[in-house]
Amino acid sequence: MSVVVRHDWDRKELQALFDLPFPELLHRAASVHRAHFDPAQVQVSTLLSVKTGGCPEDCAYCPQAQRYDTGVSAQKLMETEEVVAKARQAKAAGASRFCMGAAWRSPKERDIPKVAAMIREVKAMGLETCATLGMLDAGQARALKDAGLDYYNHNLDTAPDYYDSIIHTRQYQDRLNTLEHVRDVGLKTCCGGIVGMGETREHRVGLLLALATLPAHPDSVPINQLVQVPGTPLHGTQQLDPFEFVRMIAVARIAMPKSMVRLSAGREAMSDELQALCFLAGANSIFYGEKLLTTGNPDTERDQALFQRLGLRPMQITVDAAEHDHPGTVHAEITRSAACEHAA
């Protein structure tokens, strides 16, 4: 099956995909997925909060916003040695990518060298590296790239016409500007959004339209299901229909056929059957480990058991650290399945 990568999608086309009968939509999405990926392989990442809480922004979904009483206290930036220890544990559990998140509006200049040191050390272990630190300027993006960062995550969160219902302290254009800085220095982009925040299907179409018409499709597209945290404004929002979540995955796969589509936040509350439908619809990446920043995530044993039941295996990668300013050269290939790592 030949699939053309397009950047000229229009709203009517994506809306028509969303409105297809569910079996037909899954068939189309699975066909596109198979044209570009091995459907039995899933990329496995681990996400660590290296700086938790105290964020000055007002994102209505976020327990790390200091203005909400969520029980999350502000903590200082972790030491590099602590981060390396967590990365070592993640690799032993089968992760191939290690993501570092900090609850900042944007990093201060004094923080960039500290994060760069974390990136260099994790990269030298043979892991892909990803960071999500808030808004970046061009110089900060360059510094992270020079440290060896592979991916930068900066989500659009929701559709442009629903954005003001969720966030007031950062403009949509601010997010687009950060993505531009990241692309300009050659970093891979990780960009998606959150569903289940009270938006309509039309808003979900709008989010995917914004993503699929970027100058370059994100290399990774995380689709998050809202995790409702007491104390945040969105706590108590009506739950999204699980089939609607699968539709979101399927249309993302069709619209961005070469991107990794990641099951991100909210997976802890998903049944194995729902996750299996998401993999069938084209999801091929998950976060692995008991926490996503400050919210829960399925434990590794559950994920390993699910992979075994579905016949899935972690995606193999090769990380070359020689292209960066590291002492020595690292060629690492993650080849053992998570189940084997657990058995060992």
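Indices start at 1 and increase along the chain as displayed.
A Cβ is built for glycine as well, from the same backbone N, Cα and C atoms used for every other residue.
Residues CYS99, CYS130, CYS190 are recorded by Swiss-Prot as [2Fe-2S] cluster binders, and the candidate that the same record lists for that site, out of ARG28, ARG34, ARG262, ARG267, is ARG262. In this view, the densest Cβ surroundings among the binding-site residues CYS59, CYS130 belong to CYS130, judged by other Cβ atoms lying within 10 Å. DSSP assigns ARG262 ([2Fe-2S] cluster binding site) to a strand.
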